[in-house]
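One structure below.
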Amino acid sequence: MLQEGAHGKWTVSSSDESAEENSDSEKPSTSLVLDAAHSKKSGPQYPCSDARKAAHKRKASPLKFSDKKISTEIPPAEKQRTSQEGLGWCLSSSDEEPEDQEKEAYKEMVKEEKCDVSEEHTLNLCKAEELSENQKAEECDETSSEAQDTWDMLNGGNPFRFFLTKVRGIEQSYNSGALHIKDILSPLFGTLISSAQFNYCIDVGWLVKQYPQEFRKKPLLIVHGEKRESKAELLAQARPYENISFCQAKLDIAFGTHHTKMMLLLYEEGLRVVIHTSNLIAEDWHQKTQGIWLSPLYPRLPQGTTGSAGESETNFKSDLISYLMAYSSPTLQEWIDLIQEHDLSETRVYLLGSTPGRYQGSDKEKWGHLRLRKLLKEHASSMPAQESWPVVGQFSSIGSMGADGSKWLCSEFQESLVAAGSSVTTLLKCDIPIHLIYPTVNNVRQSLEGYPAGGSLPYSIQTAQKQLWLHSYFHKWSAEISGRSHAMPHIKTYMRTSPDFKKIAWFLVTSANLSKAAWGALEKNGTQLMIRSYELGVLFLPSAYGLDKGYFHVRRKMLSESNDSATHFPVPYDLPPEQYGSKDQPWIWNIPYTNAPDTHGNMWVPS
């Protein structure tokens, strides 16, 4: 389809033309298995979406900025305009809501799944040789002194138990206090008996290698949402491993995904829960900004203990069990029983999940943004002049928001984000600033990975052109404080900050992107909440850390060793966020960028 804007034309391949725009669509492309023979040679060996496949293709066959042969690489219609300035969007008059779009032909919807779906299923960001080098390097990643640092860090150095993943290619001091998946699965953290991995995109062979040799044959349950061909491919990956079993999450509502990222680790010494933002693939643990909450080691309760024993003040134990019960899977009952048998009382975070369904009555407040609203009303403090405290949202994918802010973002979603205290607010919600952080084209171009980093930032032209109003809320990605300005974010965070950005009323790290599919949308005149996907995050509230002032200070240095660390929260990016300039554009994955080279000297032509 030829798109024409104020400044030029470009093409979007027919597989990208579609009707369904209601989620941040991260379902795997079914074309991968249908084209299995080709995939085996050139594509990732696991289910993967079109945006990540495009990045894999460009990584494997880069288009050099100075390459005179570029004209032979670009489809004819795209030759008409290749400069970045020439990619003005075709403004659509369509104000279709997801509900209207769902009435479109099923075929078209499947096409959209393939195009806008991309956030998670990943491209192989490195050529085979490069990736093997990365993996070799990872083998040597942790010296004994680093292991000791990790041990010390776990035992009191980080009261929030909030970590970033290690990033290769940044100053090493910024990886102090960060974790690789191999650190998390290390024997230092416990003697593993069995584990469960909940995730979206999974490279089984790679995952097995992240476990220490002595734990690689321990029982491993993989909880996923794959169906049909991509499920067959996932199971095929695991055939060599007799210790691996699967639980398929039910996804009964169209365009939902199993997006939760959690590890349950059973040790001889107890149990640990890890809630994070990374897919189980090499690229997500290499040069991206990712977040991790690592629970304390939960000891086993004395035999015969029953009832609410081992519960935390944040109700984390019963909330985690409720979340697992929502899968309605006999396979997960074993883990529910194990959690019952452990003492989770030291937990200081609140669990915030989404599970697919249509919820009414009191069930409406169990999941999604209404769960956040309930927690903030019950446990957050009202602030003086709180209408001037902005809301910040930071994410890696964006769903369809509707024709304007009143449809969802500045109505029901914002009402949940600004809830505080039990008093009924009379604030005009539109007066409360919203700052949305999403990478610009230049953020991606100048990143460690270059343009292929955009394979995990799957905002599509089809969605973007229908909601240009949203872009006035956008702010650049900048993370000098953590040394990660050039490590593109796959972390998702939300918070409420003071007007001077030196305090925060709360902080959430989650798998949930900015979409109705993830957070839920009200239906039936507000009496029903509909959620499409599984998501999971943890909420940090000052009251759970014994702070009665109602806020955390924002830590000025991520690596601060100050004694007041329990009062200063380590926000992993720079505050205040910087609004897009007049020449800044949000990264859109499925249009070409050929006007300037990335950090590897390449251009981006996704088709």
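Along the chain as shown, the residues are counted starting at 1.
Just so you know, glycine gets a Cβ as well, placed from its N, Cα and C.
Pulled from TrEMBL, these are the features on record:
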REGION    1-101  region 'Disordered'
COMPBIAS  65-82  compositional bias 'Basic and acidic residues'
ACT_SITE  H259  active site, nucleophile
ACT_SITE  H490  active site, proton donor/acceptor
SITE      S515  site 'Interaction with DNA'
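Ranking the active-site residues H259, H490 by other CB atoms within 10 A of the CB puts H490 at the bottom.
For S515 (site 'Interaction with DNA'), the count of additional Cβ atoms within 10 Å of its Cβ stands at 28 [all protein chains shown].
Of the recorded residues, H259 (active site, nucleophile) and S515 (site 'Interaction with DNA') place their C-alpha atoms 12 Å from one another. Comparing the residue listed as 'active site, proton donor/acceptor' with S515 (site 'Interaction with DNA'), their Cα atoms are 15 Å apart once rounded.
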